[in-house]
Amino acid sequence: MPSNKSVSDAPIVQFTNCRILRSHQLQREDLWVREGKILNPEKLFFDEKGSADIQLDCKDSIIAPGFIDVQINGGFGVDFSLATDDFKSGIDLVSQKILSHGVTSFCPTLVTSPPSVLPQISIRNGGTHGAGILGAHLEGPFISKEKKGAHPEHCLRTFEAGAFQDLLATYGSLDCVRIVTLAPEMKRSSEVIRELTKQGICVSLGHSVANLSQAEEAVQHGATFITHLFNAMLPFHHRDPGIVGLLTSDKIPAGRRVFYGMISDGIHTNPAALRIAHRAHPKGLVLVTDAIAGMGLAPGRHTLGQQVVEIDGLNTYIAGTKTLSGSVATMDTCVRHFQEATGCSVETALEAASLHPAQLLGIEHKKGTLNYDSDADFLMLNDGLYVQATYIAGEEVWRQDALGM
C-alpha cells in the first residue's frame, strides 16, 4: 500500500489531548489536518498507511469551528461604510484584529450610505493576514423610515417601477454581495427578493414595520434571515407578532429554515428576550456583533456611516439621542453572554457563532463545522470559552501569549 507521502507531500498535523465540537457534541478525539482541510484519520490509516508528521498537545482545550460574523460594520477605528483613500488598509486591520476574538471569516456590513465603498470590498480567503471575507452585507437603503435606527433618513430609498433595476443602480454591482437587508412591507419588494435569491444572495428582513403576513410572504419568496431580531422592528404583539412571529410561523415553506441574528451584548436585547427567542427557535439563532468603528476603542465619539455615535460603556447611541447604533461587543464576548444568559450548552453557544451562520450562507459543507474535508478554520478555547488560539486553513494565525493566559 502507498504511504501518505505518495498521496501528498504536505505535512499531516495531529492535534491531541482536546475535545472537538463535532456532530453537536464535544468529543474527546484527535483532530487531523492536511493541506488546510480536516482529515479523516481512518482513510489515512487504512488507505494510505500514513501517520502524523507533527503532533501538538492541546492541553485539554476545546477545539471548535472558527466564528463567522455576518454583520459587522467595522471596528478599531475603521468604519466600512465610509469611503476613504485607505479603505483596503482599514478592512485589513479589522480582519487582522478580529482573529483574537475567534472570527475566521466575516461579511463586512455597509449601512445606508453612498455606494462608492462597495467596489472596494472583495471576497478573499483568510490567513495570517486576517479573517476571510465572504462578501458584503448591505443593510439598506431600502428600509423603513419609522425603523431607520442609525441610518440617515435622507439616504433611504423605496422601490420604483423596475424595482430590481433600482437596486442595481443603487449598489452598482452585486458581484461581492452576500446579504441584503430590506423592509419587506415596501411595494415591489417581492420581485426584488425573488431576483436576489435567484442570484444566490441571502435576503434578510430588518429595519421594518412589517406585519407577520408580510414577513411570511417575503419568506415564501426566498428571504431566509432576520436582521438583529427585536431591534429596529415592531415589538411583539399577541394579535400580530410581526417579523418576530416568523420564529414559530406555520407558513414557512417545507424544508426552509428561517435564521435570525441576535446581538448578544447584554445591551441590545434583554436576557429574557434572548431566552424566549432561543427556546422558540434554537436552530435558527445566529450570533452577530453588529460592531461599529468604536469596537476595541475607548469611549467617546466615533462614526457609523453618515452618523456620529457616542460610546458610553457598552452602550452606543447616535450622538445627542438615546437611539442605539450598533455595538462594541466582540464575537467571543457575545458567545459567552449568550451561554450565560440562556443556560444553553457550550456546544449550542459555539454553534450559534459558527455552524448556524455557515448554514445561513449555504457554506456548511466547508465552514462552520469540523467535519472531514471541511476547511481547517478552528479555535482553541478554554472551559470559560476564552479564545486561546485561532487557526485558518490549519495554520496558526493568532495565539494568546503565555503572560495573558
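Backbone N, Cα and C define each Cβ position, glycine as well.
If you look up TrEMBL, you'll see D290 marked as active site, proton donor/acceptor. Around the Cβ of D290 (active site, proton donor/acceptor), the same chain contributes Q71, I72, N73, T109, H228, G261, I263, H268, G326, S327, each under 8 angstroms and 6 or more positions distant in sequence.
Of all Cβ atoms in the protein chains displayed, 29 besides its own lie within 10 Å of the Cβ of H207 (Zn(2+) binding site). Look at TrEMBL and you will find E139, H207, H228 tagged as Zn(2+) binding site.
As annotated by TrEMBL, substrate binding site applies to A150, N231, A232, R239, H268, L324, S325, G326.
The annotation domain 'Amidohydrolase-related' is assigned in TrEMBL to 62-397. Confidence in the domain 'Amidohydrolase-related' (62-397), given as mean pLDDT, stands at 94.
Here A150 (substrate binding site) is positioned 11 angstrom away from E139 (Zn(2+) binding site), judged by their C-alpha atoms. Sorting the binding-site residues N231, S325 by the number of other Cβ atoms within 10 Å puts S325 first. Annotated pair A150 (substrate binding site) and H207 (Zn(2+) binding site), C-alpha to C-alpha distance, rounded: 10 Å. For the binding-site residues N231, R239, L324, S325, a Cα to Cα distance of within 10 angstroms from H207 (Zn(2+) binding site) holds for N231.
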